[in-house]
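Asks: Have a look at this one before I ask anything.
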Amino acid sequence: MDIAHFLFGIFGNVSALFLFLAPVITFKRIIKNRSTEKFSGIPYVMTLLNCLLSAWYGLPFVSPHNILVSTVNGTGSLIEIVYVLIFIVLAPKKEKVKILGLFTFVLSVFSAVVFVSLFALHGNSRKLFCGFAAAIFSIIMYGSPLSIMRLVIKTKSVEFMPFFLSLFVFLCGTSWFIFGLLGRDPFVAVPNGVGSALGTMQLILYFIYRDNKGAARKQTPAEEEFMEMGVAKPQQGKQSNANGTQG
């Protein structure tokens, strides 16, 4: 790994860490109120699966020269597990059962990938199998802000698309895209190239509509999560048209 490759990996670690920590505001509210209210736990469970698969892919015996992929996604896995456990403890019974079921599904999928890659595959076939699994869920994770972008275009307002979140999506995707190019690794470059493109589109939309942030009003819990994750539960009633673009 040359110096440029290493530096882009470090920068990718830092920018990704900011993305993983973005929901902290939401979880401070959840813990304070001892309730998940109308927040959705699904994004955190699916991000956990992406982090676990990417962390596994970056290990030296799976994919050489990608240890920095493992460090950031290993850290992300720990953060997302905390988020998911908070949801399981504080969510209403119906939501608790759903999130616990998804959490079990995520652990089962990850365990299956680990088992197959360790005992059934070797060398390049192991890298291909783990790489495809990690890349698919990375693209799904990066695609979650599409619902926000659709809302921005519809309302001509960036009220629910914070600048710094869009910026770090762009920086994270771009740095890991370049890291993947330098390492000639399509399983890192392609999904993060998608992330970089989506981040660029978010920034363009932000600068087009930055002077129109909508009428000032109290935000609902779902809207706050829309700002942070882009996949909040839609509200019923009068606000259904504004928030009904869940990804």
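Glycine residues also receive a Cβ, built from the backbone N, Cα and C atoms like all the rest.
Look at TrEMBL and you will find 236-247 tagged as compositional bias 'Polar residues'. Feature annotation from TrEMBL assigns region 'Disordered' to 227-247. The transmembrane segment feature in TrEMBL is assigned to 6-27, 39-59, 71-92, 99-120, 132-153, 160-182, 188-209.
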Asks: Can you find at least 3 Cβ pairs under 8 Å between the transmembrane segment (188-209) and the transmembrane segment (132-153), where each pair is 6 or more residues apart in sequence?
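Replies: Contact between the transmembrane segment (188-209) and the transmembrane segment (132-153): present.
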Asks: Which stretch, 71-92, 99-120, 160-182, tops the Cβ pairs under 8 Å count with the transmembrane segment (6-27)?
Replies: 160-182
Asks: What same-chain residues lie close to the transmembrane segment (160-182): Cβ under 8 Å, and 6 or more beyond its ends?
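Replies: For the transmembrane segment (160-182), the sequence-distant neighbours (Cβ-Cβ under 8 Å, at least 6 residues beyond its ends) are 2, 4-5, 8-9, 11-12, 15-16, 18-19, 22, 68-69, 142, 145, 148-149, 151-152, 188-190, 192-200, 202-203, 205-206, 210, 223, 226-228.
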